[in-house]
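S.K.: Annotations per Swiss-Prot:
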- Thr68, Pro69, Ala70, Gly71, Glu72, Gly73, Lys74, Ser75: ATP binding site (BINDING)
Amino acid sequence: MKSHLSDIEIAQRTELKPITEIARKLNINDEEIECFGCTKAKISLKIFERLKEKPDGQVILVTSINPTPAGEGKSTVTVGLSQALWQIGKKSIVAMREPSLGPTMGLKGGAAGGGYSQVLPMEDINLHFTGDMHAITAANNALAAFIDNHIHQGNELNIDIRKIVWKRALDLNDRALRETVVGLGGKANGFPREDGFDITVASEIMAVLCLARDLADLKKRLASMIVAYTVDGQPVTAGMLGVQGALALLLKDAIKPNLVQTVEGTPALVHGGPFANIAHGANSLIATKTAAKLADYVVTEAGFGADLGAEKFMHIKTRAGGFTPGAVVIVATVRALKMHGGTPLADLKQKDLEALKRGIANLAKHIETIDAFGLPYVVAVNRFVQDTEDELEAVLGWCRDNGHPAALCNVWEEGGKGGTDLAREVIHVMEQKDNRFSYLYELTDSIEDKLAKISRTVYGAEGVEFTEKAKKQLLELKKNGLDGLPVCVAKTQYSLSDDPGKIGRPQDFSITVRELKPSRGAGFIVALTGSILTMPGLPKHPAALKMDVDESGRAKGLF
């Protein structure tokens, strides 16, 4: 097996173009960007006024099968496909989420793509970037401080301190902060109460920023966020505290999309970063809308498999944005299919055709899901260096035999050149296949019916069960008139079910909803299932242990 440069070595050897040159490539005027050094910029929201009459480009969504813990290269395929579209003469922008420091320091070590299909400068993007994550964290924690101060100063709204639902946030994995007590140390420090932290990317403010259309919509959404309940059970919002203006002020720059570039010097918008297993899992609507005004094709991704990010993209993001995806790319890998066929994680580099063939059932279910939405699709078989020709052909052959458009993808090793077959196939299905896009549920459906339709159609479950706590919350949501919102299921990414141990295509199972939480500002109801947590913990050997910086300031260990 030939040796390859690491992701960070490729990134650091790439000569970046000035970001002003990337902007000119998209016909962005100089006064419409705000530069952060030479290689990063924010795009002014004023650009929409100039481009409002321009037709939108087509949105291509990249999703995947249920992944292994290491991921299946979906971000890499997303970047590589956008580069490949340029190589076949199509004007494209890749629109991605910003990485969270939690997974970067924890398991993943970075999330800017890989190999010769990365967004750059990857060190900046994976760490502090343009400060968006910190602004969102600050806004989240400012709101928490405003709530406690309101209570300390007399509690005019009669907030029940046992029913404060707004948590503090931190953009790191820190299990010790899941459950905390604040207000200790005497009367001067406020009222003692139970509290806790969510990771920033699970904060409702992250979702609000990513679904807002503009600053006015952002402020409206911030005002409507439910932060607590009164002693008689009435919801208390951020607007009732009168702080939506201050929160919007903290976010006035964070709402602007970030312009960067790929390894091949093609444009990229990297903005917003909600997780898909505990939030809606898509980049900001503003970035997607901006990209659609600037290019003929927008290649974007939704977190984890089609059961999580893609389902939420369809039901939440497209509804908020009023657009229809042009096509979907479903990323599949030999190693993940072998895992779903029963190969232990430690043995995934070993050839196992029988396990691979069994695991294809997982891919089949995700294809069924995208087909249920009525969208054209292509299976991207993402090649890893250890894959054998027999294994790759087994997947491609199954796709051919069953009438599923598919292409081998080698963008990690070859950049855009390794994705031109995929790019041509995607263009082909958009031009030749009918787009029959429709939702799986209507907003007028009950919460129970929305969850049942997702569970049966997307997960393959027999139905949905509710804990006693969730049943009480159902009644509260209906009483408060929130049952007309879409639902956002918080679920494990490793299985179609709510049990991460049920690999492949599980049968004879139900989804159990243990808690329902309104995110009224974001515009959806979060349904928590299984043991999913909104503040992750670090693994035994965090990726941070391999990270360093040399005397010249050069980063090491990111990938």
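Cβ atoms are placed via backbone N, Cα and C, with glycine included.
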S.K.: Using a Cβ cut-off under 8 Å and a sequence separation of 6 or more, which residues in the same chain sit near Ala70 (ATP binding site)?
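M.R.: Counting only residues 6 or more apart in sequence, the Cβ neighbours of Ala70 (ATP binding site) under 8 Å are Leu107.
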S.K.: Give me the sequence-ordered set of same-chain residues, not including Thr68, Pro69, Ala70, Gly71, Glu72, Gly73, Lys74, Ser75, with a C-beta within 8 angstroms of the centroid of the ATP site's C-beta atoms.
M.R.: Ser64, Pro67, Thr333, Ala336
S.K.: Sequence gap of 6 or more, C-beta under 8 Å: which same-chain residues meet both conditions with respect to Gly71 (ATP binding site)?
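M.R.: In sequence order, Lys108 meet the Cβ cut-off.
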S.K.: Cβ distance under 8 Å to Pro69 (ATP binding site), same chain, sequence separation 6 or more: which residues?
M.R.: Leu107, Leu345, Tyr494
S.K.: If you draw a 10 Å sphere on the Cβ of Gly73 (ATP binding site), how many other Cβ atoms land inside?
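M.R.: That number is 26.
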S.K.: Tell me the coarse DSSP state (helix, strand, coil) of Pro69 (ATP binding site).
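M.R.: Coil, per DSSP.
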S.K.: Relative to the Cβ position of Thr68 (ATP binding site), how many further Cβ atoms are located within 10 Å?
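M.R.: I get 17 for this one.
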S.K.: Among all the protein chains here, how many other CB atoms are within 10 A of the CB of Glu72 (ATP binding site)?
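M.R.: Taking every protein chain into account, the count is 24.
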S.K.: Are there residues of the same chain, six or more positions away from Ser75 (ATP binding site), whose CB falls under 8 angstroms from its CB, and which are they?
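M.R.: The answer is Met96, Ala111, Ala112, Gly113, Gly114, Glu301.
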